[in-house]
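Lifted from TrEMBL, the feature list:
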type	residues	note
BINDING	A:Glu26, A:Glu59, A:His62, A:Glu103, A:Gln136	Fe cation binding site
DOMAIN	A:9-154	domain 'Ferritin-like diiron'
Amino acid sequence: MKDLLRLKTSLNEEIENILNAQIKVEAHSSSVYLAMSSWCDDQGYDFSSDFFTKQSEEERKHMMKLFNYVNDRGGKAISPEIVNVPTDFESFRSVFEQMLEQEMYVTQQFNHIAEKCIKLKDFVTFQFIQWFLEEQIEEEYVARRILEMFDVIGEEGTGRWEIDKHIPKVSYEG
Amino acid sequence: MVCPLANFEEVYRTDHGAVYQCSRQNCYWLEFAGDTTAFRVSDFFSFKKKIDAIDVSAMIIDPSRTADFTILMPFRTPRCFVLDINDVLNLRELLNGAKFMIELNSVINACLKTTPSRVAKL
């Protein structure tokens, strides 16, 4: 019998579902970072606000990369509904702690996708997500380095102003 | 009524209906409750997801008369499905079986394409 299913899509249903779930995670990250940007701006941390705006745009690009991949492989990418985006944060430091937690969660999700790809022998998707796994090294590094600045510089006096000023300089050389 | 030009192969059948594949039009035909409906491949699987998403427990618990039926009007079909709880369960059984057979057909096709005899011919 003619294989209509594979004529339509090269993606296994499980892989399509897990990628759509990841699209939602990336979209949620983008929204959370935008909320963080707004909070930082409100609190007077201009450099951090810009930093989170860029992070938000980057997460959106990640989302679109996954979105286009699902469609390009014959699947059906789902535009996600985003809920539970925070509007307030406890402190300047807690914003970056949440950022690190968010990035660690994303890494965990990509590891899970990689595991599923190997299990289902989808090496094309496995190859595709290598880019995201490498990207996560940078994301986690940057969040950790910023958190370390809170200890190195200290928050007392003009500490937070100093930390904010140094945020754009944190980069991963690889 | 089924398209007279269709080139049919039965995918799966139960006591309540059947799913056929038309390899000429690249579509599936669903025979259920005395009528037949053609679905494109992606529409067929979307329709299955909608049927799977029906909350049968809520239909049973809800005492209102309107809760006894679910109405589905899949896009790109002329059909309106008015389903009671039995219909939903019967349709699920049929679609689950059809999906399994469609996926099995894919696996068999993939295996046949990688057998040594075929590779030797290439």
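FYI, residue positions are counted from 1 along the chain as it appears here.
Yeah, the Cβs are placed from backbone N, Cα and C, and that goes for glycine too.
Within 10 Å of the C-beta atom of A:Gln136 (Fe cation binding site) sit 18 other C-beta atoms, taking all shown protein chains into account. Listed in chain order, the residues near the Fe cation site other than A:Glu26, A:Glu59, A:His62, A:Glu103, A:Gln136 are A:Val25, A:Ser29, A:Glu58, A:Val106, A:Phe132, A:Glu135, A:Glu139, each with its Cβ within 8 Å of the site Cβ centroid. A:His62 (Fe cation binding site) counts 22 other C-beta atoms within 10 Å of its own C-beta, drawing on all protein chains shown. Listed in sequence order, A:Gln136, A:Glu139, A:Glu140, A:Ala143 are the same-chain residues six or more apart from A:Glu103 (Fe cation binding site) with CB atoms under 8 A from its CB. A:His62 (Fe cation binding site) carries a helical DSSP state (H, G or I).
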